[in-house]
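First the structure, then my questions, so here it is.
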Amino acid sequence: MQPLANVTPLKPAARAGAIEVKNVGQVFKTRSQDVIALEDVSLEIKPGRFVVLVGPSGCGKSTLLMMMAGLRQQTAGTITISGAPILQPDPDRVGVVFQEASLFPWLTAEDNVEFPLALRGVPKAERRAKAQDALKLVGLDGFGRRHPHELSGGMKQRVSIARGLVQDPPVLLMDEPFAALDEQTRMTMGDELLRIWAATGKTVVFVTHSLTEAVYLADEVIVMSARPGRIVDHLQVQLPRPRTYEMLSGDAFGSLRDRIWRHIRKSA
Amino acid sequence: MSARISAKTLRHLIVIGLIALWELLPRAGLIPELFLPSLSSTLMAGWTDAGEYGHALAVTLYEVVVSMAFACGGGILLGAIVGSLPRPRVLIMPMVSSLYAVPLVILYPVFTVWLGIGSESKIAFASIYGFLPTMLATSAGIQTIDPQLLLAARSMGATLSQRLVRVIIPAAIPTVLSGLRVGGALVIVGVVVSEMLISSAGIGYLISRYRTILDSPHVFAGVLLVLFLAIGFNAVIRWIERKAAIWQTGTRAGQANDDIASSAMQPAT
């Protein structure tokens with residue numbers, strides 16, 4: 001990453017994990033027309049927050065996440081993470097967790113977790129130690145030697161999270177990480193993720209289709225509309241932590257979920 | 001003895017049974033020696049002319065090895081290019097697929113005109129014959145790589161060459177190996193068939209020559225030799241697969257594997 005002269009170095013430690021999205025747009029050019037996927041999206045995320053992006057299919061929430069990860073270039077605007085613009089993938093600042101099946105099937109769980117470290121030539125012993133720590137953090141101590149096909153869907157996603165955390169980036173981006181899991185596993189994984197988040201203090205940006213999951217996990221929910229993708233609401237979830245299963249049936253929970261649903265129904 | 005016989009023992013019993021029948025049926029006069037000479041007379045024929053068979057085997061092996069190098073090397077290289085770049089794929093693939101349905105053996109006489117009846121024409125024919133499935137499998141292997149894996153690697157900061165070495169190659173290996181299995185088998189077929197058609201050396205030539213003088217034991221000795229060649233090749237491939245494949249199960253490439261192997265197993269000879 002290039003240091004930019006015009007970025008004021010605002011106490012870098014304090015800004016680690018802060019995300020700033022300014023007037024970001026994304027236009028896909030097709031042969032017949034230009035499709036506006038995202039239009040003038042701006043948002044600010046403070047370090048350590050758990051932020052969930054929701055919206056109807058095709059609202060560009062995954063696109064926005066991919067741009068934060070540096071995996072796709074926006075056509076307008078800027079995205080800064082930890083005070084510097086993101087122009088390409090930077091595993092020091094951002095870890096990414098994808099949907100199921102992004103583990104390398106020919107590697108064991110621990111080799112998968114070590115993968116990003118191996119890419120930069122970290123010595124074997126140090127790699128192994130860090131991978132063990134990350135696997136322990138996600139509750140997979142002792143499963144390091146298994147291959148992905150020997151693990152359940154939930155365990156695979158735990159390995160993915162460990163891989164995203166192994167380089168200790170201040171930001172963790174998650175693109176529908178539990179979408180392929182069954183309802184029960186999904187609930188458990190939500191609680192697990194909140195535990196890991198609390199233990200590490202990362203900034204988490206989490207994309208999901210599930211409104212219940214959104215309200216259950218989030219400090220803040222950002223609701224987007226369908227094409228062109230815009231932010232239509234940014235709501236704070238004031239429910240106390242730790243979140244419990246009983247809250248799901250409470251009034252506060254229900255009214256938040258209804259508010260999100262009304263936005264989505266309107267724009268879909 | 002346990003009540004149930006394992007599949008493996010049963011398989012061995014069947015093979016032993018067939019070998020015994022091969023010896024017994026002709027001896028008992030149930031099958032004329034001209035149609036099927038007994039195993040012992042076949043082995044005897046091979047043994048008495050061991051020098052001749054040894055020389056033929058050397059010629060055939062040489063042709064197989066060289067053709068294998070051309071077929072597999074070229075197939076993997078071109079398959080990788082075609083599999084990863086859409087433009088050449090659009091240009092080449094329809095041609096290759098229709099070519100695959102043509103019985104390529106019709107080209108062999110042309111090769112003998114161009115290259116003579118020595119090893120060169122066999123190598124040319126067998127190389128092209130084995131090249132197609134290897135190339136198709138490699139191309140398919142690279143196309144079926146899960147794009148999420150490449151995206152994940154990129155998110156971890158993998159450079160293009162790191163993605164090639166650490167993701168694309170390992171992900172493609174199972175499919176490529178199954179292509180090699182089919183391609184290699186076709187190379188052996190190609191060499192032996194072309195030797196039988198127009199030739200002056202090799203096992204196929206021996207089989208064909210002894211057939212014209214109705215010397216069945218010598219014909220079958222040649223057939224046995226080809227059989228051993230194929231079994232040996234299979235063992236080598238198995239060994240490579242075991243070495244390379246911890247990830248046979250549970251991968252998309254592993255499944256694509258079987259489709260290609262089964263669809264490619266019926267070559268147009």
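Glycine residues also receive a Cβ, built from the backbone N, Cα and C atoms like all the rest.
Keep in mind the model is a prediction, meaning the values are calculated, not measured.
What TrEMBL lists as domain 'ABC transmembrane type-1' is B:57-237. Under the heading transmembrane segment, TrEMBL lists B:12-36, B:56-85, B:97-117, B:123-142, B:186-207, B:219-240.
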Residue list, the transmembrane segment (B:186-207) vs rest of chain: Cβ under 8 Å, 6 or more residues beyond ends.
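The answer is 52-53, 55-57, 59-60, 63-64, 67-68, 71, 105, 108-109, 111-112, 117-119, 121-123, 125-130, 133, 218-219, 222-223, 225-226, 229-230, 233, 267, 269.
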Could you pull out which residues elsewhere in the chain have a CB under 8 Å from any CB of the transmembrane segment (B:219-240), counting only those six or more residues past its ends?
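Hits for the transmembrane segment (B:219-240): 36-37, 42-43, 45-46, 49, 53, 56-57, 60-61, 64, 177, 180-181, 184-185, 188, 192, 203-204, 206-207, 210-211.
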Taking a Cβ cut-off under 8 Å, which residues six or more beyond the ends of the transmembrane segment (B:123-142) line up next to it in the same chain?
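Residues 63-64, 66-68, 70-72, 74-76, 78-80, 82-84, 89, 93, 96-97, 99-100, 104-105, 107-108, 111, 114-115, 168, 171-176, 178-180, 182-191, 194, 253, 256, 260, 264, 267.
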